[in-house]
There are 2 protein chains.
Amino acid sequence: MSVTAAQGFSAAGIAAGIKESGNPDLALVVNHGPCRAAAGVFTSNRVKAAPVLWSEQVLKGGEVTAVVLNSGGANACTGPKGFQDTHATAEKAAEVLTGHNAGEIAVASTGLIGTLLPMDKLLPGIERAAAALSEHGGEKAAIAIKTTDTVHKTAVAGGDGWTVGGMAKGAGMLAPGLATMLVVLTTDADVDAAGLDSALRAATRTTFDRIDSDGCMSTNDTVLLLASGASGTTPEQAEFAEAVRTVCADLARQLIGDAEGASKDIRIEVINAATEDDAVEVGRSIARNNLLKCAIHGEDPNWGRVLSAIGTTRAAFEPDQLNVAINDVWVCKNGGVGEDRDLVDMRYREVRITADLAAGTESAVIWANDLTADYVHENSAYSS
Amino acid sequence: MSVTAAQGFSAAGIAAGIKESGNPDLALVVNHGPCRAAAGVFTSNRVKAAPVLWSEQVLKGGEVTAVVLNSGGANACTGPKGFQDTHATAEKAAEVLTGHNAGEIAVASTGLIGTLLPMDKLLPGIERAAAALSEHGGEKAAIAIKTTDTVHKTAVAGGDGWTVGGMAKGAGMLAPGLATMLVVLTTDADVDAAGLDSALRAATRTTFDRIDSDGCMSTNDTVLLLASGASGTTPEQAEFAEAVRTVCADLARQLIGDAEGASKDIRIEVINAATEDDAVEVGRSIARNNLLKCAIHGEDPNWGRVLSAIGTTRAAFEPDQLNVAINDVWVCKNGGVGEDRDLVDMRYREVRITADLAAGTESAVIWANDLTADYVHENSAYSS
């Protein structure tokens, strides 16, 4: 499982002392080759953390030897000193791993924005993490990147003789483009950087980019895909892309399932849209409607709030042709009252909303969560 | 005060039995002239309630004799029957007031979306409201339009010999374009429909359109301005517009002050923007950030969440030139750590966030609220 499911990788997760709690907070993932091809996708927030600015440059080279990830601090909005710290982190990893240079080391950070990382703990931690590297270290690495996550997230898929594995963290600040997440995927397939990039972008577009826990876009989102080529196998691109998508979809679903304070996972499917963009826009508008998210929390099939959310979009539709189902009961037909709302059973964690725009044949699925008092508590009681 | 502060108007507020609670739920405002000029601004939600569709048509005539407002049901997403009900409401008012036709009667509704109004209670209620009309009825009318409002909202302003007064309701689903609000303004100034329209649009653009309680846009927002000309005075347009703006700003501030579950009113001022549109876009993005709204609730000056919200906009700025103050303490300077966040005193209800984009000379103020467990409770425990 995790980032060591594929051959050619080792990983470690340790407690470096970055978190005051003493919980694991530093992960290291190393690609032992023979290949070092890599691809990355980063937050579209214009305020980007130092490690994002750094790793974007590293990925331009198309090769990554190792990834250093820390929880316990986002290193965002930390100015030139923050960027120097990320650079020093990469330099330290390159030195410890010997024979590599900092330009091959990606860095990812997560935690509170606006505070400098304790480099006196992080740099010695890299030495200890390197000493702890193991072919079975994927699980520990996945644990070390958790912040408010209650569980660590890993997934694996693959084909004949090759594997794609990955780990993810993220629980709040989850919104398209991307979510507050750090994700590292590894594969032993022999795929070049262009093939990795193509597969990764296609996968994130319909997975991580279509979950929305709380409408908030992070400064630190990073999704990396590293290939070792250790299997000696080069799969068909379509087959490889599908495996990457499977792992991304699995991890994205796990992120939604562990979102801060959530009691419901909401699957919003927009159907019969004129374009896929319309379907996504409508899905996101529904996903971000606080009133609806509260209603779902209260197990109230309040379809009026779905319609008011649809009404704020530019998508093609006629108000009197809209249909909405909640858990397969079409409570709204032709923009008005449909089947009896008392037929809707909302006792289970997963809630399905179907919005029929009656304007075409395109569709999209967005995953979201309800809005709960626990979410408010978790994000008001202390800085995160 | 309220809609009867200006000469030439009478009003009433009664309990017609629309609300199961038995609370007041029907208001009537009548313009006795000699003029009947009127202007209106309505929700920009594409899913519009029946009374909005009706009143938009009435306002095209530029004359309004009376406004019937009900709480206890939005009459939105109610199909052709809902529109017929609005029509019947206007017909009934025209009949009761004698000598007028339904085309001069504006209708406004608020409450749950997707249920038909109990016309067997509403129509007799109009007769009773007409019988209760009084030059001192403004207060009762303001009370009868409340939904989850804890207090009724009225305001008044004016000049030499003329007055502008108004009432508003709204507590949730408050977001630009417009908020979930019903507002009726009256004046005894002698101003024609074009002058009213110009003053009203200018006023709402910088008041009701710049409050955002919960990011949710209503299907029913209606703001009406009726002129009786009873003062016999025609003020300068600029002076009149300023009085309208004063009343709108006063009512908008009252709406934010009574938003569902809120414990803080947040004044977000965006300064040094390249354009006013940029300032508004950034202000709204900050206003809608759930994580920031939770932090403010927790009295946590978490400026990183302000920066992450700014970063999602298309406004002109450089991340390393952004400055943010919370209650006048510049906790973020040049995109990084600024003054000591412990200096920020957040004990009071009003919280001021200043976002300096360092990109120009334009500015805008957006008002918002914090996100609280009470908001979640109020919007999950029952349908509204």
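Each residue, glycine too, has its Cβ placed from N, Cα and C.
Those TrEMBL annotations? Automatic predictions, nothing curated.
The substrate binding site annotation in TrEMBL covers A:T147, A:K169, A:T180, A:E260, A:N379, A:S384.
Per TrEMBL, the feature active site, nucleophile maps to A:T180.
Using a Cβ-Cβ cut-off of under 8 Å to chain B, the binding-site residues A:T147, A:K169, A:E260, A:N379 reduce to A:N379. By neighbour count, meaning other C-beta atoms within 10 Å, the densest spot among the binding-site residues A:T147, A:N379 is A:N379. DSSP assigns A:T147 (substrate binding site) to coil in the three-state reduction, placing it in neither a helix nor a strand.
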